[in-house]
Amino acid sequence: MEALSPAIKPGVVLRRRTTFVDNALLSFGFGCYKSPNWKRTRIWRRIEVKAEGGKQGSIDFSDPDWKSKYQHDFEARFRIPHITDVLPDAVSYPSPFCLKMRTPVSPDFAKGYPSDEEWHGYINNNDRVLLKVIRYSSPTSAGAECIDPDCTWVEQWVHRAGPREKIYFKPEDVKAAIVTCGGLCPGLNDVIRQIVITLEIYGVKKIVGIPFGYRGFSDSSLSEMPLSRKVVQNIHLSGGSLLGVSRGGPTVSDIVDRKRNQYALCSGGNGTHAGANAIHEECGRRRLKVAVVGVPKTIDNDILLMDKTFGFDTAVEEAQRAINSAYIEAHSAYHGIGIVKLMGRSSGFIAMQAALASGQIDICLIPEVPFNLHGPHGVLSHLKYLLERKGSAVVCVAEGAGQDLLQKTNATDASGNIVLGDIGVHIQQETKKFFKGIGFPVDVKYIDPTYMIRACRANASDGILCTVLGQNAVHGAFAGYSGITVGICNTHYAYFPIPEVISQPKVVDPNSRMWHRCLTSTGQPDFI
């Protein structure tokens, strides 16, 4: 949870009442540095909030009711969409999901849906999960996430996930579609498996998998894959995705025109969730009774507001193998240097956590912290110091780090992501050139375990996370929610409106305690 307050977008600024002085204008963005040069004596006057769609509102801190107005705005933004928003006459039914019905329900429903009124396992629609749990006393505290200069405590709540007592779809009428998009990630099969199992417990008989991401909605050469517990029983024992993955796909209108499903469950990252939200909005415009629910899949752990996303723990664990190999290679060579490139396009969570876990990293480079390779304070000078002092060194670099040092191509992939330059190869080449130029013999080994990690089976921690996420995705869809995603927040599971979690990637705050811990572990200086 390294991001700044979720109610504050990057367009938020705190402004002084009169003229500006150097560093008195702060941009309170996710993971941005908080300047120590602000003054407490009534210099901050107003917070401007740039909301979704470019609309701009403001909160005047001189208003004695600003706190309640802020909370009201937050609650409005984090209200989760429901099918009754577009179909107010939608009928609800007692949920067949209860303690007595842990096996699939009867197919005929002749006597109505079974219910256990004495079971207290349902979630009340008014249950909430606290989004932030640390009360900072000063903006200068490490990792402080403050709304105003006095760090006023403002409670921010999100909707608790889980089964509801009333559902808005008849299980026997439902056709559910599951789609996995983007790149591979450990745990995809675990999520698919648990979604299918939970759907069957509700009584759904028509469950299909859409092959190869959104492409499967329009490609006539690709057929839906019928899914059942028998089909998915052991798929979690393997990595990859039973359904396959791909980037890009048809237009939103084309997907909705197919009208295949009463609800769709999508697993993917920011791009997939943006597509899911667009499908949800198009269904709303057409007044279709369709629920679209996302399950956040990003190995980089860069989804806003969530403690972590599935695949992240497995990636950190598997990265230890590559780091240890690099360490052994470097330690066994004369003036050995091991370089390991890990995933992390815009956030360095994997590199940071892997460095902390291994205890073998001397230099950790992430996208959020700029660095120089050359110069008296550069990475290469520090590598020379390490070789002179202890004979070897290991570098861990996130794939999105140091892109300002590489030539930009402006090329994009099918998802619209900018194709990154290979910072790992660049550091390897520059390291060899530098030491050759000063006549200092080195032995450089470079390891890129990206595809080995992506294809792994989920570890136990991710397996549990995937299981609960899959269950709660089905619960949310049956409860009538749409345009939502499910995630873990302060160890509790919650539903979030999709626009709030995809506005930008979550990034490492360079002033956070976790990054400070990483620096303490590596002992590296600033490379600027």
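Yeah, the Cβs are placed from backbone N, Cα and C, and that goes for glycine too.
In TrEMBL this protein carries:
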- Asp300: active site, proton acceptor (ACT_SITE)
- Gly183, Arg247, Gly248, Gly269, Asn270, Gly271, Thr272: ATP binding site (BINDING)
- Asn270: Mg(2+) binding site (BINDING)
- Thr298, Ile299, Asp300, Met343, Gly344, Arg345, Glu399, Tyr451, Met452, Ile453, Arg454: substrate binding site (BINDING)
- 176-475: domain 'Phosphofructokinase' (DOMAIN)
- Gly271: site 'Important for substrate specificity' (SITE)
From Gly183, Gly248, Asn270: binding-site residues whose CA lies within 10 A of Arg454 (substrate binding site): Gly183
Pairwise Cα distance maximum in Å, ATP-binding residues per record: Gly183, Arg247, Gly248, Gly269, Asn270, Gly271, Thr272: 12
Nearest of the recorded positions (Asp300, Glu399, Met452) to Gly269 (ATP binding site) - Cα to Cα: Asp300
Of the binding-site residues listed as Gly183, Arg247, Gly248, the one whose CA lies nearest the CA of Met452 (substrate binding site): Gly183
Site with most surrounding Cβ atoms, counting all protein chains shown within 10 Å, from the binding-site residues Gly183, Gly269, Gly271: Gly269
Residue among the recorded positions Asp300, Glu399 whose Cβ has the most other Cβ atoms within 10 Å: Asp300
Among Thr298, Asp300, Gly344, Glu399, which are recorded as recorded positions, the nearest neighbour of Gly271 (ATP binding site) by Cα: Thr298
Fewest other C-beta atoms within 10 angstroms, as judged across Asn270, Thr272, Thr298, which are the binding-site residues: Asn270
Cα-proximity to Gly344 (substrate binding site), 10 Å cut-off, over recorded positions Gly248, Asn270, Asp300: Asp300
Listed recorded positions among Thr298, Asp300, Glu399 whose Cα sits within 10 Å of Asn270 (ATP binding site): Thr298
Neighbour count (Cβ, 10 Å) for Arg247 (ATP binding site): 19
Which of Gly248, Gly344, all binding-site residues, has a Cβ with the fewest other Cβ atoms inside 10 Å: Gly248
Mean of the pLDDT scores, which run from 0 to 100, over the domain 'Phosphofructokinase' (176-475): 94
Cβ-Cβ neighbours of Met452 (substrate binding site) (radius 10 Å): 14
Distance check against Glu399 (substrate binding site) for the binding-site residues Gly183, Arg247, Gly248, Thr272, keeping those with Cα within 10 Å: none
